[in-house]
Ligand code: APR
């Protein structure tokens, strides 16, 4: 059987890291697409030259031609600009919306059967726009944010408790921005929910609140340190986890920016929710019951996402 084909649209910091990881894990043959001449070709060649030492079999190609992504099984989109210190993800909207139009049309023409994972920010609005421009089925287009936000939450919790992060589960709902909703009640250590751990004296409510805030600010913390761009190792790892769930039909329960139509009282909005990802793409949206406070936080996050979608429609009349 031929190897799966992985198309990476955008060959910058995240795109290059994705290519390296996909090659090391032998997920398939890799095409790196970028408008910057030489960058995708250079990264493809550099990674291919690491193959003999690492011992992986994968072909890598860099290109500026959408025809080269033809028949891709998975497309991971990072094309666009990242933020600099002082910028919010929302500041990227105008420029990255134009990029989503070009990318969506490229995928529509050459890889209409792919499972598409968008990473470009502001995430929830960009994945919505990418779906609109590509015309692919909603279940085949999603955004990577929840896996990353949950991973950040899990990392901070594992550090606080001094336990393996393997045994920490965490749920983060809502938009990928300042209004994201880390759900303490549904986050556990070895199955024990966080509020119980506070009761058991493992941590204090104040410390837990600080960890929740650090999770919300997780992206900005990295931008502040790097100064020239945003995070790329953990975002790439998170998207690879989603791609593997699709390629291997794992039916993983993963939070992602999915098209929510009916669940959570929403009628067709892309926002972060728990989902099941398998060979059918986003196969299911899991509609968990929220308490009053959680619902209020989720509503705030949903209205922030709706505002960004509205802004997209104002910028590009074709989306209205
Ligand atoms: N088509 C293809 N590639 C494009 C286009 C386009 N129309 N416009 C820009 N690019 C490419 C750039 O040439 C660059 O190589 O997208 C790449 C983006 O890479 P980086 O600037 O290194 O950004 P990165 O850190 O990878 O983040 C990409 O993901 O997390 C988000 O906020 C982040 O929106 C940003 C995206």
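Yeah, the Cβs are placed from backbone N, Cα and C, and that goes for glycine too.
Keep in mind that TrEMBL annotations are predicted by a computer and have not been checked by a curator.
The annotation in TrEMBL ties 10, 11, 12, 13, 14, 15, 34, 119, 120, 121 to NAD(+), and of the candidates under consideration, 96, 139, the one tied to the same site is 96. If you measure from the Cα atom of residue 14 (NAD(+) binding site) to that of residue 83 (substrate binding site), you get 13 Å. Ranking the binding-site residues 10, 12 by how many Cβ atoms sit within 10 Å of each one's Cβ puts 10 at the top.
Of the candidate recorded positions, 83, 89, 152, 176, the one lying closest to residue 12 (NAD(+) binding site) when CA atoms are compared is 83. The Cβ of residue 89 (substrate binding site) lies under 8 Å from the Cβ of 83, 121, 122, 123, 176, 177, 219, each on the same chain and at least six residues away in sequence.
Mapped onto three states, the DSSP output places residue 12 (NAD(+) binding site) in coil. For the pair residue 10 (NAD(+) binding site) and residue 152 (substrate binding site), the Cα-Cα distance reads 24 Å. The helix, strand and coil residue counts that DSSP assigns across the domain 'Lactate/malate dehydrogenase N-terminal' (5-143) are 67 helix, 25 strand, 47 coil.
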